[in-house]
Amino acid sequence: MVQRQLPKVNELLELMRFKKPELDARKRRLDAALTIADLRTIAKRRTPKAAFDYTDGAAEGEFSLGRARRAFEDVEFHPDILRPAADVDTSCEILGAPSALPFGIAPTGFTRLMQTEGETAGASAAAAAGIPFTLSTLGTTSIEDVKAANPVGRNWFQLYVMRQREISYGLVERAARAGFDTLMFTVDTPIAGARLRDKRNGFSIPPQLTVGTIVNAIPRPWWWIDFLTTPKLEFASLSTTGGTVGELLNAAMDPTIGYDDLDIIRGMWPGKIVVKGVQNVQDAARLVDLGVDGIVLSNHGGRQLDRAPIPFHLLPKVVREVGKDATVMVDTGIMNGADIVASVALGATFTLIGRAYLYGLMAGGRQGVDRTIAILRSEIERTMTLLGVSSLAELEPRHVTQLTRLVPVGGQGQDARV
Ligand SMILES: Cc1cc2nc3c(=O)[nH]c(=O)nc-3n(C[C@H](O)[C@H](O)[C@H](O)COP(=O)(O)O)c2cc1C
């Protein structure tokens, strides 16, 4: 028999815990996002389809990106037990200076298209979090304005060596003058990848108004108000070089770049130099032998060659070849702090986030980028604590097994079976 009683008011009152309503709509929206995927959902709701798809999409069948994300999902962690790790230290040293977290913001072109605060939001959020920010050659905020947004923290500059070499050399000089500490030379864009979503959406840079874009704009008035009432969207660091946006974009992709260009740029650049877009063990070894300061294993977030090697799978092979002392970074597919912890365990010195940053930006400007960093930080700290490690240096390959859904069965692909 269940014993019953009259409800007691004081017991009822104990259960009532009404929270003060959050009046700041942006904060309310962002606080409700618990994962990067939640930020992506908000971003999709708030951003015109063509701009969202430009960010979210990848090349051809988008297999590279899907596989890279799956590779991170397929991580199995191996925790140690009864190893006190009350205070977790997530800081590391990267390219001669500290970073509070083992990731930085990757270079992304046309960032103010996603949300008008663009690179300023990224650079100032990175400054507040104590992590590096990378400005793209095709950025929509100039080198000098990024420096103003992040005057004390670390700024890196991503270089496309353009058909007209002098344009790129001019950018290298400006970035050096502005005190950027690292130059990231991207080498995986001999031509533009085929972004089919962009073609289907009739997407163009700069954006053009069509019946479709106008209809799509109706539920997203704030993006359009921002777009129409803030400075013109352009490749800000290139605005003085002449040429339309389309011509500049075209000039940024050059199939003739080679090791000679790397030599020339190294001669011009006073700081650290990193090559981004490395996709096999031999190239990694060659670059490290040549004495570059770091390499980024990346397939450009799946936006260039589709069915490219999965950078996270390449990582242990490259680290085995070039040794633990070389600076090996990895990107493509990072959606969770656990992805970053797994990368560090397998020997990555550092990681970069592209879309995770842009989803936050689209979801809520600067505060949205802060939210991205906060989510990743708490996931990193939680994963480390659950693994029983208190510093990044304690992470080792034995903490991770890479489960494979995709097992190579043949072909001549050089690294697949190393
Ligand atoms: C919208 C967008 C624009 C990008 N623009 C550039 C660029 O201008 N230069 C570059 O080196 N990489 C560019 N990337 C690639 C990123 O630097 C990075 O390699 C990639 O986003 C990592 O994958 P993730 O988005 O899954 O984190 C871009 C990526 C995205 C999503």
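Note: Cβ is positioned from N, Cα and C throughout, glycine not excepted.
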Check your understanding: The FMN site in TrEMBL includes Pro107, Thr108, Gly109, Ser136, Gln158, Lys276, Ser298, Gly354, Arg355. Which of Thr182, Thr186, Thr327, Thr383 is also listed there?
Key -> Thr186
Check your understanding: In TrEMBL, the residues Tyr54, Tyr160, His300, Arg303 are said to bind glyoxylate. Which of Arg17, Arg112, Arg195, Arg200 is said to bind at that same site?
Key -> Arg195
Practice item. Pop the Cα-Cα gap between Gly109 (FMN binding site) and His300 (active site, proton acceptor) into the table, whole Å please. Key: 12
Check your understanding: Which value in Å gives the longest Cα to Cα span across the FMN site residues Pro107, Thr108, Gly109, Ser136, Gln158, Thr186, Lys276, Ser298, Gly354, Arg355 as recorded?
Key -> 17
Exercise for review: According to DSSP, folded down to helix, strand and coil, what is Tyr54 (glyoxylate binding site)?
Suggested key: helix
Practice item. Report, in whole Å, the straight Cα-to-Cα distance of Pro107 (FMN binding site) from Arg195 (glyoxylate binding site). Key: 18
Point to revise | Intrachain C-beta neighbours of Gly354 (FMN binding site), sequence separation six or more, cut-off 8 angstroms | key: Ala106, Thr108, Gly301, Asp331, Thr332
Revision key, fill the gap. For Gln158 (FMN binding site) and Arg303 (glyoxylate binding site), the CA-to-CA distance in whole Å is 16
Exercise for review: Could you tell me which of these binding-site residues, Pro107, Gly109, has the greatest number of Cβ atoms within 10 Å of its own Cβ?
Suggested key: Pro107
